[in-house]
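A.B. asks: Before anything else, here's the structure in question.
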Amino acid sequence: TRPTTHWETSVGARAFCGLQDRFLTDRPMDPVRIAVVGAGVVGLSTALCVSKLVPGCSITVLSDKFSPDTTSDVAAGMLIPHVDAETPIAKQKQWFRETFDHLFAIANSAEAEDAGVHLVSGWQIFRSVPTEEVPFWADVVLGFRKMTEAELKKFPQHVFGHAFTTLKCESPTYLPWLEKRLKGSGVPILTRRIGDFWELHPSFDIVINCSGLGSRQLAGDSKLFPVRGQVLRVQAPWVKHFIRDGNGLTYIYPGIANVILGGTRQKGDWNLSPDAEMSRDIFSRCCALEPSLRGACHIREKVGLRPFRPGLRLQTELLAQDGRRLPVVHHYGHGSGGISVHWGTALEAARLVGECVRALRSPKSKL
Amino acid sequence: MRVVVIGAGVVGLSTALCIHERYHSVLPLLDVKVYADRFTPFTNSDVAAGLCQAYLSDPSNPQEVHWNRQTFDYLLSHIHSPNAANMGLALISGYNLFREAFPDPSWKDTVLGFRKLTGRELDMFPDYSYGWFNTSLIVEGRRYLPWLTERLTERGVKFFHRKVESFEEVARDGADVIVNCTGVCAGALQPDPLLKPGRGQIIKVDAPWMKHFILTHDPEKGIYQSPYIIPGMQAVTLGGIFQLGNWSEVNNIQDHKTIWEGCCRLEPTLKDAKIVAEFTGLRPVRPQIRLERERLHFGSFNTEVIHNYGHGGYGLTIHWGCAMEATKLFGKILEERKLLRMPPPHL
């Protein structure tokens, strides 16, 4: 009998149609047991996508860190894509669009506050005219246009800019909201530190590896490295617009409970302790763009290590050892752009998981 | 030269400041006092959401377009100051929504980045099919009035809590020029059948995820009678009440429901917003602002009155342009009385 499934989002359904046909079977199925390692935005959204889109599975999330202690929690969560040099632009645009559309629907629903997602307008400004005046994602965000001369007067050091409306997805709220939805779907969420994928065998049939920077050890991926980012969280509720310098180093992102000021980009730096000198520098650079920030109070410092890789790793690896087999769907290495593309890449990971499940169930399977 | 400004709302305080700034250096004996029966936070200016946006249709007096623009430019010049937040000033972007196509307003080049809404943006507002997006300013009375008060106090301007019953009493006290900024109560000093209260009620909520203003317009209902949501420096103002001729300053439960239902329909996320306050204000509605001189005779002496009242629901939007105009009128009085040793600098 064809299993029924409940499509959570129309985006997911569109993305997933076709796979549904592959689950025709005449015999009842034992659920395929899937372990999701990692509970940042990538782990939780992947678990949710798989739970909604891949029938016949039982999912468990395992992580040593949860919100508010994940890397995602430090990120401002602004939906402004970071270009990944390895992935084709069309793919990056697809992932960004899927994420934007998904979050836009949440922002316009009554759940917006519970999910920590809201619209914010603002400006991306440049000290010299960029070679690409219109970025690939211009038609994904809302109302994208070039800044007028009058608008640029606010930024005397800058000569060009983009004005648009985008979304902010705040992990300290979004992640608990995802966790709640997972628990509501019967997905256990366990605190556990995994040192080796084989620890999950034979309890689980498939592993989805969303361990971010942890994959350096867990997956032995030496291509993965941290790019340290320090930010300030301040109280300045009168700031209603985001301001981002085109170089990406200086930004002001107003959120629900605070404004995030950033930032830094330190390649290969693992230090999670805030640096006071850097905080002063961040504050000073941001005040240059928005002088009223001088009146900001309750300044807190945070550090996050962006999980950088030359290209996102989104692929299935079949681990084999002593006659045992364990398919691992890797889903990590999002660098600066995790939140901007998380839903799109989670949908893709769910597709890969669906293929693994199909392969496991296939009577010809030698797994 | 003794000047008495009656009224301590945004119009009274800004006019006092403008006059003092312009003429203090050339008129050493300039003495400015403010008389009012209400001060911040109990004036109408404190109730207003403070969004700088003029009416959609052209005003009957074309000078008002100019005064709106002057005010916007003046406030915009302060936006870059580290003091902007202390002044109650912030940039804010947002949506004006209509049920059908509407002509562009006269102020489209005054505000920043004015454009039409795209289809995807309109999808957010199912009851509306057309609209604008632009960046404007908030000038929040609860911060701006104290800031103006501080500037005036620094300059030695004194404030008196006093209910003025007549121009004559102020003239007899020794005022050479009276600046009448009494707003909706101007009729008590001199009957004005053109001046009427436009009662408004607003609910202030905590909804910090709201970063945009949303103003809806219904041509059948008239200005301010359709829901609006205006984030301020901290809280968000919800409104949509305009009752011409209603003098009640008490919050009304039916109006509360109208505002709440209208705004929640417009923005479903508000259902979880915490209500922090509710206020009623009386907009000083008049077909056009009364901004003119009048010479009054009391027995053997004359007093000059500069009227500056009747700013409707756009007082904060237009205040500085009007203050500058009132200051010009004051300058004319000084010229006529040959009180200026040198020609006044251009305003």
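For all residues, glycine too, the Cβ spot is worked out from N, Cα and C.
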A.B. asks: Of the residues B:Thr15, B:Thr149, B:Thr153, B:Thr182, only one is listed by TrEMBL in the FAD site with B:Asp37, B:Arg38, B:Ala49, B:Gly50, B:Leu51, B:Val164, B:Gly312, B:Gly313, B:Tyr314, B:Gly315, B:Leu316, B:Thr317. Which is it?
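C.D. replies: The one candidate that TrEMBL places in that FAD site: B:Thr182.
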A.B. asks: Cα within 10 Å of B:Thr317 (FAD binding site): which of the binding-site residues B:Gln53, B:His217, B:Tyr228, B:Arg283 qualify?
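C.D. replies: So far as Cα distances go, the binding-site residues lying within 10 Å of B:Thr317 (FAD binding site) are B:Gln53.
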A.B. asks: To the nearest whole angstrom, state the Cα distance for the pair B:Ala49 (FAD binding site) and B:Tyr228 (D-serine binding site).
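C.D. replies: Rounded to the nearest whole number, the Cα-Cα distance is 10 Å.
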A.B. asks: Across the record's D-serine-binding residues B:Tyr228, B:Arg283, B:Gly313, the largest CA-CA distance in angstrom?
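C.D. replies: If we measure all Cα pairs in B:Tyr228, B:Arg283, B:Gly313, the largest is 16 Å.
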A.B. asks: Using the Cβ center of B:Tyr228, B:Arg283, B:Gly313 as the D-serine site position, which other residues in that chain lie within 8 Å, going by their Cβ?
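C.D. replies: Going along the sequence, the neighbours come out as B:Ala48, B:Ala49, B:Gly198, B:Gly200, B:Ile223, B:Tyr224, B:Gly239, B:Phe242, B:Gly312, B:Tyr314.
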A.B. asks: Which entry in the list of binding-site residues, B:Gly313, B:Gly315, has its Cβ near the fewest other Cβ atoms, using 10 Å as the limit?
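C.D. replies: Least crowded of the binding-site residues B:Gly313, B:Gly315, by Cβ count within 10 Å, is B:Gly313.
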A.B. asks: Looking at the binding-site residues B:Thr182, B:Arg283, B:Gly313, B:Gly315, whose Cα is closest in space to that of B:His217 (D-dopa binding site)?
C.D. replies: B:Gly313
A.B. asks: Which value in Å gives the longest Cα to Cα span across the FAD site residues B:Asp37, B:Arg38, B:Ala49, B:Gly50, B:Leu51, B:Val164, B:Thr182, B:Gly312, B:Gly313, B:Tyr314, B:Gly315, B:Leu316, B:Thr317 as recorded?
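C.D. replies: Result: 30 Å between the two most distant Cα atoms.
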A.B. asks: Name the secondary structure element type, per DSSP in three states, that contains B:Gly313 (FAD binding site).
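C.D. replies: The three-state answer is coil.
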